[in-house]
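Worksheet: the structure to be examined is printed underneath.
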Amino acid sequence: MFLLLQILYILLFLNLADTSDDEYRLLKDLREGYDPMERPVSDHMKPVNVKLRLILQQLVDVDEKNQVITLVVWTQYTWNDYKMKWSPEEYGNITSLQIPFGTLWKPDILLFNSANEHFDSSFPVNMVVSNDGNVLFAPPGIMQFSCSLSMTWFPYDEQVCYLKFGSWTYGKKLDLRIDDADLPEGHKMDLQYYVPNGEFDLISTPAFRKSTTFLDETYVELYFHMHLKRRTMYYGLNWIIPSILISLSNILGFTMPVECGEKVTLQITNFLSIMVFLAMVSEVAPPTSESIPIIAAFFSFAIVILGVSICVSLITVNIFYRHPKMHRMGDWTRYIFLEWLPWFLLMSRPDHVFRKPKREKKKEEEEDEESNAGGKEEESELISQKQQRPRLLVNSQIVMDSTIPYLEEVIGYLKVFKAKLDDDEEEEEEILNWRFMAMVIDRASLFLFTGLIFGTTFVIFAACPNLFSADQIIETEPVIT
């Protein structure tokens, strides 16, 4: 048994030695007379046909502030080298070889809109050569490329970016084409190994080929587009809904009584909270004046509304604590805020009848005094008639004359007391009128600012072109190897 194992081991070793020897001979024969600077074409007038296939693995990051997108991509180049052909039967049935980077000719294809500090970030891997002369070069790399990101509809935005590939020096000597074999309709990137991104959905990956002229030389360029759509759940739950709730809680401040002392404090706190959300948007958006993100416009309108509501609340507090000795309510103010606006807002004061101001009462009293002047003349005539009565009434008249001054004095005190009570009652009435006016302004502000917030929110977000659109999202299953 042991002898059999030794024989098998020797045969295996001899087979490996033969294979290694065949591979060595093949490499030696292929390298003989080969110059990696020479284009692999038999006719120098013909271009080298190179196919490019992008294998997208992951969308790493979308940097809106710096307008840079980071991808993990495998760039697969294929071309035919006529000097790399051999007959497998002559070399131990070897059909492919792994040749180190730099040994063979390689197209100088670069990502033109690269934002990487090293420009070309691909890793120099080996080249795979087949016996028919086909060369496969698939270097992986982390690509960073610039893209003009439009933040107008952020966070309900869609972005279309492209990767621009082309030869740096060969011009028309290199015919660059898109390798889209076995790819779905409308997709020019290989998404077999794509890992979905948590912030953006990949909608489509079209591509096209374009020829340009530079310094009297024709160059072929390939544009690989990426249609991205932002996922909005995070921003809706953490930005938009909280800001709407903060705005509504600010409106509820109009239902708080002025005496509690926290009315304006609540609104100022909400105002500062919205300012924090606006600062968060400024951290994400690029410092450009081309467009304002729609969510920044929403926060700006919310800040304006909250600022105006704070001013209205301060005016309400001022009106609430007004005193009739310091401020006089005008006739139009009284009519609008104590009669018409309460009627319009369905507000009423229980068991209350609006009284005329004191100045109007004085006018009526003056008119009453003028009308009573004739009564005093009649009273003097009656007194003269009494003086002509018989002497039987003299004693009673004397008694009445002696008590009249005391009665007049008592009546005078009663009038003063009544006037004091009337003044106090009217003053209290005016104080209540000012307070009721403040309540009316609060109620009107409640309805007005509620309508403004809901109306502004609806108008702004209804303008989003893709708020309710349902694009077909590319979904890939994980590849298990």
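Backbone N, Cα and C define each Cβ position, glycine as well.
What Swiss-Prot says about this one:
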{"type": "DISULFID", "residues": "Cys147-Cys161", "note": "disulfide bond"}
{"type": "CARBOHYD", "residues": "Asn93", "note": "N-linked glycosylation site"}
{"type": "REGION", "residues": "356-384", "note": "region 'Disordered'"}
{"type": "SIGNAL", "residues": "1-19", "note": "signal peptide"}
{"type": "TOPO_DOM", "residues": "313-443", "note": "topological domain 'Cytoplasmic'"}
{"type": "TRANSMEM", "residues": "236-256", "note": "transmembrane segment"}
{"type": "TRANSMEM", "residues": "264-284", "note": "transmembrane segment"}
{"type": "TRANSMEM", "residues": "292-312", "note": "transmembrane segment"}
{"type": "TRANSMEM", "residues": "444-464", "note": "transmembrane segment"}
Most Cβ pairs under 8 Å with the transmembrane segment (292-312), selected from 236-256, 264-284, 444-464: 264-284
Three-state secondary structure, Cys161 (disulfide bond) (per DSSP): strand
Reported mean pLDDT - the topological domain 'Cytoplasmic' (313-443): 71
Cβ packing number for Cys161 (disulfide bond), 10 Å threshold: 19
Assigned conformation of Cys147 (disulfide bond) - DSSP reduced to three states: coil
